[in-house]
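Student: Below is a structure I'd like to ask you about.
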């Protein structure tokens, strides 16, 4: 690189008053290239100095050497050996005596660096920026822009100067950002490196002060701690605990660019005071100061105080819910307390549960929730709690109002009529007489009783019985006597019919006839009792699906299906149903194939399944079918459950119209497909020998014939094509009546089995999201329709469980024991987790192609012991290892460790995706949104769930 010598002769003319030094040839700007040598000569009659000004600061460069010029005592010679960007600025030659000066600007051009680098600029809000975007080439037009190319902020104004660079006027907080300088010379644009402008906010209000607590109660000698948090826009804020010299720790940090946090913690390991004190935290900035006060209450000994806002004597109607609430003011922290009823501790059950909460400031609340109070549950309920220093208790006297009940209504041997009644409040008994035979006599004047007395039973809060009698000898004619027991709740009555007869002469045949009559009556009573016992032993039809209303620990409160609303939009005209063949029949009713005309749209025909009861059905069974209809309408539509299409509830017996599933139940479908199943070989199948001949044997002697019953076709059977079999609809227009389950001619493989598992998991996830427990999940209760779509159903109506070996007698019920979780078998507990266990058994059924669970193991005492000891079935031959691991997780003895159905959907979906080689799934994934409370945890500590009914529904 060639050297360029620049001689700047600064002549200071002989002092003649106000003469000012001039630059040679009047030049005030000099431009050189980077690396050039620069020489400066400053001449004057007096001693001169050379200064360097940059960014408004006077600072002499370290490498700027000076020496006398030509041995002059006044003139100076300055040399920059190798010019670089550090030397850019204004050089000022000053007469030390007169302070007159002249100056020249030096620019050092560097093509690689068009601007001087600046990493960041700190500026106070409202001020102007200085010292940025200095160009190295004075011939450039300079500007400023944001790093990302976005527009400059609103009100962003700036001025440019070739020496001073760019000055931003009146900086605002919105200007805090990243910027870059740009220069344009002859159409060529060059940019600087990026830099940041940090805007320091100016306080506009006093600081904000928060205390971690405003008050604390301690005993003498106990520790305490309180933190004062101060928030301001800048770190110049001052904060302190007044009149506190020790025990204060400080911590400061920026929460964001415009918020500064300052924490002062006041702490003591042991309160040395014997009385209460206050402490003040003070914060101050340029606007002003603010104080926050903390009160420390000091006591010598702890306490427990109980408060009840309502009356402790409470009357409530039987069947109502009641909440007893006690407010606890205590220090130190009390125990949870206990509720007792006649000195017996109350534990959480379906009839009552306890809820506690901490309201802060040493105040707590304990609530006893009494659900659907019975008349026998009146009495004294007591709450007791204690801490290390004190204890207290409070009692409630609960009176349950019950309707009157007539216990005895008879004619005594003394010729009187006796009426004994009970209830709360104690009922009043009135007697009425009317001539002839009547149902009621209350329109006649009351009779005066001969005697009336009260009988107290058990304790002072036990049942009170009132007894009243009248003398029938005072009645002169035949008629009806009515005993009426009334209180403010309701009335009850009993009627006596009698006739006044002449005294008859005793007949010699009277005694033998009486004995014969009594003997015949006794035999008849015995026969009636036997028939009644057998009737009660018969299984009753009830819907298996249960909708959970509330959960407290392990106790489930199920909603009464009769309380669910029924929307008349489901009504469908009976005359538009054309019934076909019977699809299934059981002890209580049957399912019939039918054609519905105009169900979905006008002039359409749709094959449906219709549930109906037998003509001999009792009122309880009719009510159960109506409950099933209400539950199905409450659940709503889902692809993987048998959906409700309509109903007929007026003008005849109740009919429930549901989707028709052409392939029948999954259990028999799998058995029919055994010969055509393509089974890959998996490793580590310990039970392979058990299923070695599975695909070669059709006569398996399988248990439980719960499928659609086999029947002869009424018309020629039409074999659908492959295209028909794979269509995805759940139902469609059908022109051919089918009396037996259709069959597709496609083979079955492992991917199909995984898909069945996936669809059932989706359906169960949907039921769980609706707080619905199935209680009888098995392959026999899964139906299959076109496209091999599985649908969960409840087949209890059309199944004769008395002749189904899958249902084992246990107590007075027949239960599917091999599908039940241990807690359901041994404790009669049905939860979402017990459904997960049953799902694991269903997986085993699917991958064993319809074999019965626990093969060759009868349900007896040994079976129950095996389940208690943790016995689990081995993997079916056709099950991938991953699917067997899902089965095992469903069979965890701890219900809390079983996966939820949402997790099962994800696990099986992954297996289905892997079996397809990570290609898109052929079946749509319909994840169920949990639009109300997340799935209720039946074994955890969840308190309560969202109600399923509003008050108006009840």
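Note that Cβ sites are derived from N, Cα and C of the backbone, with glycine treated the same way.
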Student: Quick check on the record annotations: which of 155, 803 is tagged N-linked glycosylation site by Swiss-Prot?
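Tutor: That would be 155, per the N-linked glycosylation site annotation in Swiss-Prot.
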Student: In Swiss-Prot, which of 492-512, 513-533, 534-554 is labelled transmembrane segment?
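Tutor: Among 492-512, 513-533, 534-554, the range Swiss-Prot annotates as transmembrane segment is 513-533.
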Student: Where does Swiss-Prot put N-linked glycosylation site, among 184, 755?
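Tutor: The residue tagged N-linked glycosylation site by Swiss-Prot is 184.
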Student: Which numbers of helix, strand and coil residues does DSSP report for the domain 'Ig-like C2-type 5' (404-499)?
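Tutor: Each residue of the domain 'Ig-like C2-type 5' (404-499) counted once, the result is 3 helix, 57 strand, 36 coil.
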Student: Of these binding-site residues, 659, 665, which scores lowest on Cβ atoms within 10 Å?
Tutor: 659
Student: In whole Å, how far does the CA atom of residue 590 (ATP binding site) lie from that of residue 101 (N-linked glycosylation site)?
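Tutor: Here the two Cα atoms lie 117 Å apart.
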Student: Quiz question: given the glycosylation sites 155, 343, 348, which has the greatest number of C-beta atoms lying within 10 angstroms of its own C-beta?
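Tutor: For the glycosylation sites 155, 343, 348, the Cβ with the most other Cβ atoms within 10 Å is 348.
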Student: How do the residues of the domain 'Ig-like C2-type 2' (118-200) split into helix, strand and coil according to DSSP?
Tutor: 3 helix, 42 strand, 38 coil
Student: Just name the winner among 101, 263 (the glycosylation sites) by count of other CB atoms within 10 A of its CB.
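Tutor: Result of the Cβ crowding comparison: 101.
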Student: Determine, to the nearest whole angstrom, how far the Cα atom of residue 291 (N-linked glycosylation site) is from the Cα atom of residue 662 (ATP binding site).
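Tutor: Pair distance, Cα basis, whole Å: 78 Å.
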Student: Under a three-state reading of DSSP, tell me whether residue 590 (ATP binding site) is helix, strand or coil.
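Tutor: Residue 590 (ATP binding site) sits in a strand per DSSP.
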Student: Reported as an integer number of Å, what is the Cα distance between residue 659 (ATP binding site) and residue 184 (N-linked glycosylation site)?
Tutor: 77
